[in-house]
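Here is the structure we will look at, set down as structure tokens.
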Amino acid sequence: MAAVIRKLLPFPSPNPKRDNRESDDDDETSSGYRIEYSFASEYKGPLIANVPRALPVEVDQIPTALPVSFSSLRSGISYPVAPLVMTKDTKRPPDSGIEKKNGFVDSAAGSSVVLIGRDVVSGSSSSSSSKRLDVPEEVKSPADFRLSPSSPLSASAREEDHLDDDRVSDVGPRAVRFVEPFQSSECDESSYVSDGESIAATHRAERKGKRGSCYRCQLGNRFTEKEVCIVCDAKYCFNCVRRAMGAMPEGRKCQACIGYRIDESKRASLGKCSRMLKRHLTDSELRQVMNAEITCKANQLPSRLIIVNDKPLSEDELYTLQTCPNPPKKLKPGHYWYDKVAGYWGKIGEKPSQIISPNNSIGGYISEKVSNGDTEIYINGREITKPELTMLKWAGVQCEGKPHFWVDSDGSYREEGQKHPIGNIWSKKRAKIACAVFSLPVPPASSAVEPYDVPLYEQKMLNKLLLIGSEKGGATTIYKQARSLYNVSFSLEDRERIKFIIQTNLYTYLAMVLEAHERFEKEMSNDQSSGNVGDETSAKPGNSINPRLKHFSDWVLKEKEDGNLKIFPPSSRENAQTVADLWRVPAIQATYKRLRDTLPRNAVYFLERILEISRSEYDPSDMDILQAEGLSSMEGLSCVDFSFPSTSQEESLESDYQHDTDMKYQLIRLNPRSLGENWKLLEMFEDADLVIFCVSLTDYAENIEDGEGNIVNKMLATKQLFENMVTHPSLANKRFLLVLTKFDLLEEKIEEVPLRTCEWFEDFNPLISQNQTSRHNPPMAQRAFHYIGYKFKRLYDSILEPVNMRGRSFKPKLFVCQVSLESDTVDNALRYAREILKWHVEETSMFQEMSTTSIEASSSS
């Protein structure tokens, strides 16, 4: 009957009832409330909690961590461990409700502990992070107590906020909860991992094979050459290093170690390649790998491991320290002290080891005992050591009375509280001698403290272009054009030397005209004596030159025979008027007009301006410098640094195909005559990225005298020079660009002298179309250019043997282009050299990818 009545009641109310811990009732009566339900009502009461029970624990079922190997512990890494904090409960007596059953404590008497899942191990821990974890004040349903088997546990815990007296007594006991990762939203991982330092801990690699074997293929022994990973210390043989390390985007690291911090014991070897890598990689690849190993972020020294004046550095402070004009040498993790005023730098408890750049805003304030001094004499608030005191005495500094000195970065010192300096420590040579005796630092040289234009890690690579060629082969013209094109002007001293060379050449050209004039006079006198009548030009009377000009003309011819025309430019102020008067003589003008077509082009250029150039105030223009001969003999070696300006055509390309406008190039002009015996000095240019060899297209029609006094064709002599360059050991495996110069002169020369004049080109027999207007009928000069380039390519292929790399062989290529006197052609040739360098890098990378892919495919099959 009671059950029927209860079903008819629409809104029953809950009847709270005290929880009886010793009762054995069913689940409904064991809860904190006795609740009656209606069919249409929704339960809105408090949460339901199970009665906590102390169940027997199976020890074998307890999850335990694997034992930690001491070899896997990395130096400089500390792991966050938070102690277990018990709940404060001032209302509960010590023995209230605590019972032991079967040796285990009832969970009702324990504290609530929240275990938070983590999967990141940081190199630093925070003591405050354990206080940020909150335990829910309300106990959720039993479904929330289920722990996922894959949920990771953490050792972080915090104290639960205690409840008020009534709630503690009414709600019941607290329970142990395991919070899954999605429930730990209030856990702030930033307290454990600082920005940029979430580097996972790594273990040292374990060798599976015998001692000394490769970690990948388990072959080899202790004497086998191997490459070592700078993170896990794994060692790989020559055949496995590329498979294990891949493209090495962060240097010599295993592919699994990319992104991890390096072993600090290997920091000194960063950027120092091994002999294996030199054989394994090309020069450009090796530079890229070593540069990435030094500059990548993962390999940088952690700032928190550098402690200066009892304060760990931040990333900005470490950047300031490493990029200052004179940074500390071989910086390693440790405690240092730094005198910001004088620049003294040293380890805590030791004397100064270096003088770095002063006034760097890094670290804390220096203390008195940082260098462990015991002299009671202070410099900038630091008690100095005995070796420093001895150095001060040698420098003549009065140290009686335990003074306190204030020393500036330049070495000037004064007593504290005084305005005027007493003297300068480094002005005395005895001070530097004392520093050498007692191993104390001295100020850096002036060149060492000059500020860098850009930080070291931001400096671009410098591509070196070696420019070489035969005498008058056009290499000097290309060098001068490059300076003019890329706005690298000559210095005042160089312009004075160029002016001297141009004026000396001018007297050489004038002597050529005077010699022709004397020869024409003799011919005219012979014709007159034989009764023949000459033309109007030759009928000029021989006494048309007055005695003063005749004497000057004979003087010029005599000095030309003696090879001493260099005496005229210094006296240009006195001789300028005489040269002008001599040049205005009608007989000399008639001789010049008759001789003009046979003179060299640059001689005609300067003789047309003889009145201007012969003056003492003459200043050579860019075109004068370009037309001048003999500048290659001005110095055996000259170089110019430049960068290519961006063109509108390049700017229209996508960013992936654009060149870096900040990339620097160095054009080195080398005269072969300055290389010494057996070209020993050529070893200085082993780091050249590209060799530009210049050949004049008109050399086939000229003859020169070789070292033995024999007359040989100049093109054959250039061919021999090219062979010697290509086969020289210092230029092995270098890319060559053949630049055929003087193409504009070839168009004139080939009409007068056929190309088959040179015996090397005797098989030149181009097909000539009958239709001269056809676009498929190129000019003879263009045909000759392609033929000469083809001959040099055949010669290049016959000299060099195939190069073997990673099991494949390939033939090096000879690149060819043409230039003339126009500046555009020189600019195109140098930009072509830039493209060759880029192609070489991309081609090598693609070749490596293909090689690695084929090897991996064969190994997997």
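Cβ coordinates are placed from backbone N, Cα and C, and glycine is handled just like the others.
What Swiss-Prot records for 1-32, 121-168, 523-545 is region 'Disordered'. Marked as compositional bias 'Basic and acidic residues' by Swiss-Prot: 131-143, 157-168. For 146-156, the entry in Swiss-Prot reads compositional bias 'Low complexity'. What Swiss-Prot records for 204-211 is motif 'Nuclear localization signal', and it gives sequence analysis as the kind of evidence. Among the features that Swiss-Prot reports, zinc finger is placed at 214-257. For 461-853, the entry in Swiss-Prot reads domain 'G-alpha'. Sequence annotations record features per position, and here Swiss-Prot assigns region 'G1 motif' to 464-477 based on sequence analysis. Among the features that Swiss-Prot reports, GTP binding site is placed at 469-477, 624-632, 741-744. Taken from Swiss-Prot, the feature region 'G2 motif' applies to 624-632, supported by sequence analysis. Here Swiss-Prot flags 665-674 as region 'G3 motif'. Per Swiss-Prot, the feature region 'G4 motif' maps to 737-744. Positions annotated as region 'G5 motif' by Swiss-Prot, on the basis of sequence analysis: 818-823.
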Field: Secondary structure content of the region 'G4 motif' (737-744), with strand meaning DSSP E or B
entry: 2 helix, 5 strand, 1 coil
- prompt: Including all protein chains shown, what's the count of other C-beta atoms within 10 A of the C-beta of D624 (GTP binding site)?
  reply: 19
Field: Neighbour-count leader, CB within 10 A, binding-site residues: G469, G630
entry: G469
- prompt: Any contact between the region 'G4 motif' (737-744) and the region 'G5 motif' (818-823), i.e. 3 or more CB pairs below 8 Å with pairs at least 6 residues apart?
  reply: yes
Statement: Between the binding-site residues Q627, T741, the one whose Cβ has the fewest other Cβ atoms within 10 Å is Q627
- prompt: Are there any residues in the same chain, six or more apart in sequence, whose C-beta is under 8 angstroms from the C-beta of D744 (GTP binding site), and if so which?
  reply: S820, L821, E822
Query: For K472 (GTP binding site), what is the tally of other C-beta atoms lying within 10 angstroms of its C-beta?
result: 20
Message: Give me the DSSP three-state residue breakdown of the region 'G2 motif' (624-632), ordered helix, strand, coil.
response: 6 helix, 0 strand, 3 coil
Statement: Sequence-distant residues near the region 'G2 motif' (624-632) by C-beta distance (under 8 Å, 6 or more away from its ends) are 471-472, 475-477, 480-481, 484, 490, 498, 501-502, 504-505, 602, 605-606, 613, 669, 671, 821
Outside the region 'G3 motif' (665-674), six or more residues from its ends: residues with CB under 8 Å to it: 462-471, 475-476, 479, 482, 632-633, 636-644, 681, 685, 688, 721, 830, 834
Statement: Students should find that the Cβ of A475 (GTP binding site) has, within 10 Å, a number of other Cβ atoms equal to 25
